[in-house]
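Residues or ranges marked as transmembrane segment in TrEMBL: 66-94, 114-137, 231-254, 266-285, 318-339, 449-467, 473-495, 507-531. Annotated domain 'CBS' per TrEMBL: 583-650, 704-763, in sequence order.
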Amino acid sequence: MFSNHIQNGIETAKLVWSRIPTSEDGELDGVGLLSTSNGNAVDSLDYEVIENHAYREEQAQRGKLYVGYYVAVKWFFALLIGIGTGLAAVFINLSVENFAGWKFELTFKIIQKSYFAGFILYVLINFVLVFSSVYIITQFAPAAAGSGIPEIKGYLNGVDIHGILLFRTLIGKILGSIGSVGGGLALGKEGPLVHTGACIASLLGQGGSTKYHLNSRWPQLFKSDRDRRDLVTCGCAAGVAAAFRAPVGGVLFALEEVTSWWRSQLMWRVFFTSAIVAVVVRTAMGWCDSGSCGHFGSGGFIIWDISGAQEDYSFRELLPMAVIGVIGGLLGALFNQLTLYITYWRRNYLHKKGNRVKIIEACLISVITSLISFGLPLLRTCSQCPEADPNAGIECPRPPGMYGNYVNFYCGKDKEYNDLATIFFNTQDDAIRNLFSAKTIHEYSAQSLLTFLVMFYALAVITFGTAVPAGQFVPGIMIGSTYGRLVGMFVVNFYSKLNIEEGTYALLGAASFLGGSMRMTVSLCVIMVEITNNLKLLPLIMLVLLISKAVGDAFNEGLYEEQARLRGIPLLESRPKYQMRKMTAKESCGNQKVVSFPRVAKVADVVSILRSNEHNGFPVIDHSRNGETIVMGLVLRSHLLVLLQSKVDFQHSPIPNDPRGGSAPIRHNFSEFVKPVSTKGISIKDIHLTSDDLEMYIDLAPFLNPSPYVVPEDMSLTKVYNLFRQLGLRHLFVVPRPSRVIGLITRKDLLIEENEDSANVELQSTSTSWAD
């Protein structure tokens, strides 16, 4: 009977393996470079408001009631994003904790009889979980691989990467995270939760998924990239808040790390979303405390409470704490460089061989990780349990299969524990809690900590970049807390009379490594304070973060910036390059030929230009009676495709509808020009025109943006860069120096108020004397 089950399992595995393609099928590679040469994988987003006649007519028809409804729906969506992200985090956490709980419980039961049988079971469970994760990613949702933060950062920077916000990406991210983290790989679920929150926000904004028939029309109120950007920002903050139970840290993470655009109204909605996430997670924790969550331990919903740590610190401790910051900067920069090299090699040489190689790679790393985590503790000798401290509430050794300190693994006596197994035979959340714990002095030997540091650092480097959802927050905390505890052991031995806790130095080490790798400061500082519930350590965390970031910046950029560059995501960083100070806007344009349209364009010319150019926007020019060229505005490629497809605006005459510059009544709603989120929209190849259609004309005046942003040709490229990035632009006109000035706007011209008795807008009266 048992042999039949094994045979059936082998046959099933062979069938699944035979269906895996051996080469790429054209899907987006979620862990490698994004193709930019074909124009299909990476596109820009139109955050600028296109104020054409259709938009202005729609705005004129909207009253105060509609504006109130519009704002109310935004807040309602912020509520839904918080609830959805919180529930997704609860599901991921419970699944990971239960899979890990079953794994450790079965393993500890088997090793009571045979360590070899326990080892086989341990490796097999991890293998199955990791295989399920990589299979889902490679076959179902390739864009769900990696942490997703570089891609979301690119989206909020104005870069649209196809596939990163789809429904299947969301499902792949959730299920893949459960398999990869539950399978014991050296990665975390916190980065993928940020991507998960962004996907939930995007799907809510577009009304669901049209491909899987899970959509509704009523939520489709936010049809512009500008509104969707705000929703995705709320989703990013919700992901961090759900991952770390750090709502304020989530808001600051969105502000500091991923967004390029921010305003006070968005701050309020992001804060509200994070607060909702905190309520959902807290409710789930209360439910789990009643024992309704199966094998759920104290991990999962992260809070490493070290409020019982040392109450104060001495001035003499600042030097070793500064050393921790330097170590974090060096190891963090080295981690970024190594992952960059390995990911580059993996993309250009290994993953080009197909999905089977990706699956083999992830499964091989799973086996290696299981061998190391099970085998290394066998080589360590057990230590005698310390004397029981009734106030500490720590049992030595802990009961088999339970979370906590002091694991009895391969020990001959009852009152012994294996310090290396205490780190390896835990979920990462519980292992970090053990490293942070106070009142456990001398629990770990320096040799065990150093062994774990070297091995886990290497595993984290080679695991990052595999075709599974992979976050680096928790692995970074694991690495930093290990060497932080090592420094703490040295300080305890050197300053024998001071009240020093090794767990405090583990916390500082974790902060230093994250600062040296990810280069975050304010948001990371708040996150560390929130997840440790100890405000007294705030100055020390600030110190090590500043030092580690400064040291890391001397060698390379942050982890997400490096990975974004490797994936081909054209990010506009917050600071322009130094060379831009010596360049002008005209020089940056080079000798490129500007492709433009006349106001009334022939259909055949429009089709020809769209087929021969990949540009997204085209200037529309006209000529005055004296022959002077007039720039009328900017028309988008997507708008031209809508006009060509509908054909209702075709006319026989090349004369404008209104020669004085006006426009005929609009036959389109503004929503018709909106580009879908989940698809690439209309292509010129999808439009079929007859020979008679090609001889027709289109008056572009009603459909162009009459007020695009314009800069003079001699403006410095630094100012152009700041203007382009801060306003979230996609196009910027460069024009000759204007010949005359028709007016000058100062601050007082922008301070307006609505008159209660009429619809007119008047200048605010003030007694202040203005200096224009």
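Placement of Cβ uses the backbone N, Cα and C atoms for every residue, glycine included.
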Average pLDDT across the domain 'CBS' (583-650)?
87
Given the transmembrane segment (507-531), which of the listed stretches 114-137, 231-254, 318-339, 449-467, 473-495 has the most Cβ pairs that are under 8 Å apart from it?
318-339
Within-chain partners of the transmembrane segment (318-339) [C-beta distance under 8 Å, separation at least 6 from its ends]
457, 460-461, 464-465, 476, 479-480, 483-484, 487, 490-491, 505, 508-509, 511-518, 540, 543-552, 554-559, 562-563
Go through the chain and flag residues at least 6 beyond the ends of the transmembrane segment (473-495) whose CB is under 8 A from any CB in it; none is fine as an answer.
186-191, 243-244, 314, 316-317, 320, 323-324, 327-328, 331-332, 335, 423, 428-429, 431-432, 435-436, 441, 444, 446, 449-450, 452-453, 456-457, 460, 464, 501-514, 517-518
Chain residues outside the transmembrane segment (449-467) and at least six past its termini with a C-beta under 8 angstroms from it:
30-31, 134, 137-138, 142, 145-146, 185-187, 331, 335, 338-339, 342-343, 346, 351, 355, 358-359, 361-362, 365, 368-369, 372, 376, 420, 423-424, 475-476, 478-479, 482-483, 485-486, 489
Grouping DSSP H, G, I as helix and E, B as strand, the residues of the domain 'CBS' (704-763) number 14 helix, 14 strand, 32 coil
